[in-house]
Every structure is written in C-alpha cells, then in structure tokens.
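Q: Next up is a structure, given as structure tokens.
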C-alpha cells in the first residue's frame, strides 16, 4: 500500500480539545471515524458461498420442476439441498459469532478532550481534530500528530512487525492500530474513518474470495460432466416416456425423466463432503481452533509452504533474561540483588525491565532511597540503593553505549551479542548522584535479554519439516533479530537471513528467513510463491499481515491478533497456540482420506444411472423409478 502524505490541518486544536459545536460541525460534514467494524465475514458472504453453488442450482431446478408437476413426495430430494446449505451456513455463522464476541471484548474506548474535560467515547464517535489522550496500554484508534509526549513509547508491531517500541516526540505521527507501550501523551486526529492507515490497509483485503478446495473442485468437475450428460439424457427421457404413455400423461413422463436425472447427481457425495468438513470443524473447535470456512481444514493439509510472521506467531509478547554475566569483581549474587532492587524501584517498567523483574524478585534488606525512572530519551534507569549492610550506592541499568564511554573494551563484546539478535543492558554503579550525568561508572554485569519464544514453536516447525512443508519466516523486524529467533528454533537457513530491502529474484525460493518486510512485500512474496506452483499458508496476527493473509491459499491468525487479521483468516487459533496447526493438518488429511475412500461408491451409482437412462431411451420402456424411490 502506498503511503499518502500527512493532510494539512486547518488549525491546531487547543489543549482543552474541541467544543461541542465544533464536534457537531464535523459530524455534519462526515468527518467522523465511522468505519464499519469488520471482525468477521459478513452474513451475506456466508450465505452466498453456501447457497449459490452448481450443485444447488442443478438440484434446485429439478426440485422446482417437481413442485410444478407434483406430487410433493417426489420432491423429497430437495431436502438434500437444504441440508447441504444449512450445514455450511450454521457452522460459519457460529465462527462469525465467536469472532464478533472477541471484537466486542477488545473494543477500545479512547479518552478525548472536549470542552476542557476528558471524556471516554466509542471509537466511532471520534472526529477529525479531536485531541485524544494516550496512556500505557491504550490503542491508537485513528491516525494523528502528537502534541504532547512524556516518555511515550509506541508498539507498532501489529503494523510493521518491528518488535521494539518506538520513542515518540511532539510533532511525530502515530498510526491507528498501534499501542502505547510506555509513557503518555496526547495527539490530534488527522485521519479518521476510511482514511486512517489501519482502515485503508484492511479495506484492501475486504474483497470476497472462496478458499480453494481440491475436493470441492473435483466435485464441481464431476457435476459439470453430469450436467453435460443430464441435458441430452433429460430430453431423451421425456420424449421416450411420452412415447410410452402415448402423450396422455405429460406430468408422469416429466416425473420419471426427473427421476432418471436426479440419480445421476452424486448428491450423497456432496452431502458427505459437507458433513465430513463440519465434523472436522467441530473436532477442531474442541482444540480452540476456529474454522471460518469449512474447506479450510482440507486446504491446510495440502500446503507445501507455510509463511510465518515472527512477532505474535513464533514469539510471545515480552522478553526473557537469558543470562546475567558479572563483570570485574562483582559477584553473581550482588548483581542479582541489585537487579531485583532496581526492578522493584521502577514505577513504570518497560518490556526489558519487566523481564528483569520476572527473573529477579525484590531481595530482602534492600531499599531505594531515591529513584530515577527509565526514560527512552535517557536510555537508562537508576536508584540510590541501600543494601543489608547499610552501605548506599547508585546503581544504573540501561544501554551500554550510553553508560560507557566510546571505545570502552566492553563495548566490543556487547556489539557481538547485539549482532546475534540479543539485547544487552549494562548494570553499573557509581559514586555520582542520580541527578548528574553517568560518567565514569563501574560496570557490574551484562544483562542479556532474548525474545520470548512460544514453547511449542520449535516442535511445530519440526512437524512441518517432517511432512515436507517448507517454513519461511517473513517479518517486519530487522533481519538479524529474525535470524536469531529462527536459529533458536533450529530452522534451516537461519544464519542466512535476507533483508527484504535488498531482495533479489532468487531469494524467495532459496532463503527461509526474511526481515524488514513491508505489508505490500509480504503480499508480493505470497503471490510469488503461489505463482511458482506452491500452495501457501500464511500465519500472522497484525494489520501488516492482512494483505498476505487474504492472498494466501490459507490464512491463519491468532485469537489475540488484530480484528482485521482475524476477519480475513480462514483459521483462527483462539488459544494463540501455534502447536494447534498439526492437529488441523491431521484432521484435514483424515477428512480427505474418508471422502476419497467412499467417492467411488457414489460415482459408480452415477455411471449405472447413465447406463439405465440410455437403455430406457433406446428401448422406449417406462423408467422403473420415481424420484421418491431414489431419495
């Protein structure tokens, strides 16, 4: 999707926000955030996909003929049409209801300033130029320009795939679909409704497409062949039956002709396929796997390439402390106690400090006399800590390149760790007060952090490899970080990560790890793999994955993902467990095997019915059955 320039503003909104009259004026001019929420497939798409089929067209036409010529008991085969359509509609409406419920639970209510007061409103009530307040955990609901920022860090991973929060300052842009990771501020709405970034991205993926199904496509080919045979056979049967009854019983002749045609349609195979899909969907539902379209369970069983988004699919939110490496004469226990005390003293921890707090509980006997909260601008946190022995020292935890002078020998080792995709913090102490710049600090330990992997990700990737399915990690994060995650998961080719900004024609087939991939590139990469003859599944949870999810043969989203991603994906993992996918593959293969085993029985009946029709036409004898006998 091409980036559009920031629109010009008529004026800056005052600090007190818009007045009621100004809000009303914007509502009259349609400058309101009235984008219809699309948390799932619309009902009309579900009904259309299950009703407007070739099978329903054939059987519905024959059903209508019988309703005209009667009697009604000869129209019992019409219930197969109803049952076949209802199975798909009911199952897919259940999936829609579940996704709509998730959307309601996660619906944001932004706080806007109006007439000098902060009020909470629905997302659809935000208007252009509204002044919207932001705090930790808040979602950015429209595009805007920051007017206030206090240590504001924005998580744009659902938009860009970049795992690290971005520090924002007044004047910077914020995009809808991002979240506040730390700090606070306020921004002026510059794009609302369909003009907002997330809405425009999702809008490109709203066209209706049916998931591919070899089973259903095979049945469609059979039905087209049957239709080609049925037309001349039907004409021949009507003529032969009129001859038999000496043109005295036209309706009777038509009824017997319909009986000869109905039996040619493998209606049992069509119904069995729908029932088998429905049972598979129910079984997967028990594993917290939501299937939006019945054939999707078959589709995933046939893929030979699965494209994975790193953030949210292979990794979980947050980080883990991989190692604390003491430096100099600092003991491991002292470093651990200082980290625990620093974490306990931090009032507003970011992701890195939360990892430290999780691994190092507050030590006994330590207290903080003075604290310096973490700031993205400062890049470190600190506290004056008094230990159990009564000694007080200033301890700092932050970016090594800020706390250490340029050329410090320790920075060489740190650069090597950063190059391997790890994040490194430096724990140091100093005799200088917290209020002064951290010069001449004494390094105490390196705190090495790594992204938190989903515990089941490695086993799932190995399962796909055993099944002959190639896995490709496609992420908006930097290539080094993505490669490090892939290496931990033992994915082949992890050490040869490709930066998508320098992507060549042969890299798509050769490489398995890609970083710095834009949403449009994800879409193009999925399209390129499909053009190369591959059947492609795409997993993702962010707005940046929506286009690729829509264009893939099978789209898989996490239940905690963005509403737009859940809406376009055919499969939603409600428990956010990547390990559910092998169950989907196994269920799909079970369905395929069962249907293929019984298909020959139904097709044999079709062949015999054609032979019988030819014999009846050739010998001009009464057709031996009525439609009621063959239902």
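Every residue, even glycine, has its Cβ placed from backbone N, Cα and C.
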Q: I'm validating the feature mapping. Which of 153-178, 179-204, 257-282 is tagged transmembrane segment in TrEMBL?
A: 257-282
Q: Please list, for the domain 'P-type ATPase A' (111-204), how many residues fall into helix, strand and coil according to DSSP.
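A: Per-class counts: 17 helix, 44 strand, 33 coil.
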Q: Other than its close neighbours in sequence, what residues sit by the transmembrane segment (257-282), given a CB gap under 8 Å and a spacing of at least six beyond its ends?
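A: Answer is 55, 58-59, 62, 65-66, 74, 77, 80, 83-84, 87-88, 91, 215-216, 219, 222-223, 226, 229-230, 233-234, 237-238, 241, 291, 294-295, 297-298, 587-588, 590-591, 594-595, 598-599, 602-603, 605-606, 609-610, 612-613, 616, 623, 625-627, 629-631.
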